[in-house]
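Undergrad: This structure is in structure tokens; I'll ask about it shortly.
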Amino acid sequence: IPEMQRWKNDDIVYNFTDNREETAFTFQDTDPRFYSKLTMSYTGLLELSTWNPTTPGWDIIWFSSTTQCDVYEKCGPYSYCDTNTSPKCNCIKGFDPRNHQDWDFGFGWGGCARRTPLICEGDEFLPLKRMKLPDTAEVIVDRIISLEQCKDRCIKNCNCTAFANADIRKGGSGCVIWTGVLKDMRNYVDNGQDLYVRLAAADLVDEKNTNKKIRNVIVGVSVILLLSFIIFCFWKRKQKRAKAKATPIVYQERNQDLLMNGVVITSGRHLSDLSEENITEDLELPLMEFKAVVMATNNFSDCNILGHGGFGSVYKGRLANGQDIAVKRLSEMSHQGTNEFKNEVKLIARLQHINLVRILGVASMLR
């Protein structure tokens, strides 16, 4: 009885005897100071009591549950009772209610009828989990064979309606074969036993198709997700390439802005065109009028010096449009040459960061 597994007395031990001479379930209270008894009340409930010498009297420490599913054959043939469903009576898959009107009102004692007759050969089995096994008035029992051998015997016996393990301990053993109507079944939330009910193959087609559809949906969703991920990766890669190619365009836009302010000579000219030392060689930077820089810094006034670096001084200035700028001027006295200065300009021009100064352009004074 699954409910007995919830007994809260550690002193009680259980024993199940099953042999050719007897089948019995016994329990014993190992504490010699106490006595216990298991009785059935006038209402049909089992009660476990222990003797309390201090009272004296019997204290009930456990009694069987009192749900509707405890009533014998509550739901009729080929149906089972489940306290977690509404209505509580449920037809086994492949069976329909004998009286739909009574069934809809919650009266399940009429039970269910088989939807498709068995044909013996070609029948299949529906597994039911956590079940109270049907009434055993019409069964064949073999305590030695395995569950697979039990299934083979059931298939060969056209009168077999269901089978299950005779003993579920240690992984299960033995065989119980039902040859009559399946009745007095219920489903437990936990515990219980597996029962395999014989059905016509046609009644299991829907379940197989449903499982196949579920598998197809899972595979389809997985393929879509995989393709979406691949497309996303290609899109990100394309975005990076487009961003890299767009860098010269950004410089060209800066060139156009400076052209509007009248400080750019031409968007196609670079220092490499005007300087014998190829200072800007391959930079995509607009070339500014040197006199515009001179005017912006007040002829490189000492009052506008912001600081000094390895290449020379840095001046603050303001263009004709009011934009504030900083100008780094390569000093003739610098120990570093034009190549080093060019490398620094290249690096700053190619890097973009919120804390990094943006280069607007370069200017050269030809000699």
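Backbone N, Cα and C define each Cβ position, glycine as well.
From TrEMBL, here are the annotated features:
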- Lys328: ATP binding site (BINDING)
- 120-200: domain 'Apple' (DOMAIN)
- 300-367: domain 'Protein kinase' (DOMAIN)
- 217-235: transmembrane segment (TRANSMEM)
Undergrad: Taking all residues of the domain 'Protein kinase' (300-367) together, what is their mean pLDDT?
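TA: In the predicted model, the domain 'Protein kinase' (300-367) has a mean pLDDT of 78.
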Undergrad: Cβ under 8 Å, sequence separation of at least 6 from the ends of the transmembrane segment (217-235): give me the contacting residues as numbers and ranges.
TA: none
Undergrad: Restricting to the same chain and to sequence separations of six or more, state which residues have a Cβ under 8 Å from that of the residue listed as 'ATP binding site'.
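TA: In sequence order, the residues whose Cβ lies under 8 Å from that of the residue listed as 'ATP binding site' (at least 6 apart) are Gly309, Phe311, Gly312, Ser313, Val314.
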